[in-house]
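This report refers to the structure that appears directly beneath it.
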Amino acid sequence: MMMASKDAPQSADGASGAGQLVPEVNTADPLPMEPVAGPTTAVATAGQVNMIDPWIVNNFVQSPQGEFTISPNNTPGDILFDLQLGPHLNPFLSHLSQMYNGWVGNMRVRILLAGNAFSAGKIIVCCVPPGFTSSSLTIAQATLFPHVIADVRTLEPIEMPLEDVRNVLYHTNDNQPTMRLVCMLYTPLRTGGGSGNSDSFVVAGRVLTAPSSDFSFLFLVPPTIEQKTRAFTVPNIPLQTLSNSRFPSLIQGMILSPDASQVVQFQNGRCLIDGQLLGTTPATSGQLFRVRGKINQGARTLNLTEVDGKPFMAFDSPAPVGFPDFGKCDWHMRISKTPNNTGSGDPMRSVSVQTNVQGFVPHLGSIQFDEVFNHPTGDYIGTIEWISQPSTPPGTDINLWEIPDYGSSLSQAANLAPPVFPPGFGEALVYFVSAFPGPNNRSAPNDVPCLLPQEYITHFVSEQAPTMGDAALLHYVDPDTNRNLGEFKLYPGGYLTCVPNGVGAGPQQLPLNGVFLFVSWVSRFYQLKPVGTASTARGRLGVRRI
C-alpha cells in the first residue's frame, strides 16, 4: 500500500518529497495460510474484484444439507436442521472456496415447505450467533435471536438473511464458529383426516442459499499439483449378491425392526464411510473369519499370528485382522498345516474352542483348544465350520449379537470398535443377516447380523471419498420397477438406520433384488419416511410382513 506524506525526505536533486508516493512504514506481510509460491501469489482480493459470477449471486440453489422433514412424531423444540454459515452451504461457493484460504460476507436463505390443507403447525427459523450452543436452546430462547415463525401450510418461500457476525477480519477455511441457521418445531404438527395414517405423514422442506453481494473470498491458494476429489458413492450391486461382513456368506435378509437390539459392538464389518477400518475388520473377504497360529504337538495353546503369517502385535488390537467375533458360543473349527506338505490323507484337523474360558485371550495373542493337540507341530490356519451352545455355563443359548471377551475381560481389550446405536428420532438400526450352521435352544436358524455388506467395506476403503454431511440419504430401489421401497440413512460411523412402518408387528421384509442408491447428504435431524410408504404401490413392490 502506498501513501503520500509531507514528511517525505527530499530527493537527491533537492526537490521536496511531498506529494510523492512512498512505502508505508508498517506494511503487513501476507499471512502464509499455505505454502506460497511468491510474495504476490497469496494476496487479499477483498475490496478489489469480486470473482463470484453474478449468476451465482442472483440465483438460489439447494444447500448440500438442505433437506429436512417434519412429522407428527416431532415435538416442539426438536431441531429440524442446524446449518453453519460458510461456503459449504452453496455448491458453487464450495467449489470456489478450494482456490482461496479465506472468505467473508453474508448469505441469503430461502426455505420452501410442501404446504397443504391437511396439516397444521408452525416452525421457527432463527439465526444463532457464535458463542451459543444451538443444541441446548429452548423455543423461548430461540425467539430472542433474529427469527421468523412460519406456518407449515405456507405456499410462499421464506426468505431471511444470514449475517456474518464475527470478531475477526475474515474466516479461514478451517471449521471456525460462525453464525448458525437453526430451525425448530414451534407448535406440534397436526394432520387432518385426509392425510390417512399420521405416522407416515411428513411435511418435506428444502433450504436454498445464495451469496449476498458483499460475499467474497480472500488469499488465493498457490497453484499446486492437481487433485481430484472423489464423489461419494455406494456399490451398485443388488443386495442378494452381497456378502455378510462377519463371515463369508451371501446375505439372506434384512432386519428392519425396533424390537432387534439397538446397541451392538461387532468387531468385524466395521468401517467408516471414509474408508477407515475399525476393530478386526479386513478390507477384503480373503482374510475374513480366519484363524492362524503356531502350536506344538501335545499342547493346547495356539499362538496367534496374522492371516498372512506376520507376527501379531499383542495389546495393539483386540485380535488379528479377520479374527471371528462370534461370542456366547463354542467354535468347532477345521484347521490345516500351512504350507501343506502331506503326501496323502486328509490334511484337515478338527478342534474346538470355548470363548468364555480363561485361556481364550486373543488380545494377548493366544487361544486354547478344548483338547490336547496330538498332531505335528507347525503353523496352522483354519476357520469355524459350525457352532454350538456354550459349554459353560450349561443351558446357555447361542447369542451372535454379542462379541467374545478378547482379553481376560472385555474392558482390557484395546482398540475395540465402539458400540453403535441409532442417533435419529424413531430410527432403528438396519441389519443384514445370514444363517450359520449349528444347533441352538430355539430350533431356529443361527442368524448372524452385520452392519454393512463386505462389498461396501471394500468399496469405501478403495474410494476413500470425503464425508460431506451428517448422514448420507439412501433410497432402496427395485431395479425391475424403478420404485423407491424405502429411505435409509448411512451415518459416517458405518451403519444404516430406517424408520420401521409400525411397532410390534414383527420385522419388515424387503425384496433382496433391490439396490441402494445415494441421493444426497442430509442433516442428522432429517426425519425419514417409514419404510414402505415412499410409494403408493406397496403391494406390487413386494413389501410384506411376517
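Using N, Cα and C of the backbone, Cβ positions are placed for all residues, glycine too.
The region 'Shell domain' annotation in Swiss-Prot covers 1-226. Per-residue confidence over the region 'Shell domain' (1-226) averages out at a pLDDT of 78.
Swiss-Prot lists 1-38 with the feature region 'Disordered'.
Residue counts for the region 'P1 sub-domain 1' (227-279) under DSSP, helix first, then strand, then coil, are 3 helix, 9 strand, 41 coil. The region 'P1 sub-domain 1' annotation in Swiss-Prot covers 227-279.
According to Swiss-Prot, the feature region 'Protruding domain' maps to 227-545.
Broken down by DSSP into helix, strand and coil, the region 'P2 sub-domain' (280-416) contains 6 helix, 42 strand, 89 coil. Sequence annotations record features per position, and here Swiss-Prot assigns region 'P2 sub-domain' to 280-416 based on similarity to another entry.
Residues or ranges marked as region 'P1 sub-domain 2' in Swiss-Prot: 417-546.
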Run through the region 'P1 sub-domain 2' (417-546) and tell me, per DSSP, how many residues are helix, strand and coil. 13 helix, 48 strand, 69 coil
